[in-house]
Amino acid sequence: MNLIIDIGNTVAKVALFDRTSMVEVVYDSNQSLDSLEAVCNKYDVRKAIVATVIDLNECVLAQLNKLPVPVLWLDSHTPLPVINLYETPETLGYDRMAAVVAAHDQFPGKDILVIDAGTCITYEFVDSLGQYHGGNISPGLWMRLKALHQFTGRLPLVHAEGRMPDMGKDTETAIRAGVKKGIEYEITGYIAAMKHKYPELLVFLTGGDDFSFDTKLKSVIFADRFLVLKGLNRILNYNNGRI
């Protein structure tokens, strides 16, 4: 079994893979991996990968250093099954690269746009030759809602869920519709622009936020909430024998 530890900005995910098939995923705190010991005792773990976008505290570091299996710590020097053309690989978030790796692994030989809608919204492009060209970073849903409240004098902090007319009928619905529809139009705009350059483009959508697209757009999107975990597992398998 492969142990995949994905430590993000808000939560940590601990997943188990049997070769390429995900068996279980547990959501945990990124400040203390309380589920780690139970997961390791439950499965026959042979190797692990750790990927983090935050600085780990002493508690989490101690837990990870006690793992009784070889551990691959993902960094900018880790060999990857794609060609990384990013000019500053040391600044590239592991989650961005892992999502690209997973998408390319599923559809090698295809031009792919990977959209990850989480704390931030990222747009990544990998071409049919397996070359990762880079991507863009945009504020995520909660970040936009919070910014409107934090950087203005009177706008309230609005929850993402709730009534959302085409045009806001009050301040709350104006903010909700403005932010959520703005994100949807942003995403559809990226897809349209990329498909103009790459007519056979495939699109993957992952991340914690869910958006409603029209039926035509849904037909060109592969939605996969666990794309990053699958990519980390692919990277771990690719480095088998190096750890």
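Every residue, even glycine, has its Cβ placed from backbone N, Cα and C.
Matching THR119, THR122, THR152 to the ATP binding residues that Swiss-Prot gives (ASP6, ILE7, GLY8, ASN9, THR10, VAL11, ALA12, LYS13) identifies THR119. Each residue in ASN30, VAL53, ILE54 lies on the same chain as ASP6, ILE7, GLY8, ASN9, THR10, VAL11, ALA12, LYS13, THR119 and has a C-beta within 8 Å of the C-beta centroid of that ATP site, without being one of the site residues. Non-local contacts of ALA12 (ATP binding site) by the CB criterion (under 8 A, 6+ apart in sequence, same chain) comprise ILE5, ASP6, TYR27, ASP28, SER29, ASN30, LEU33.
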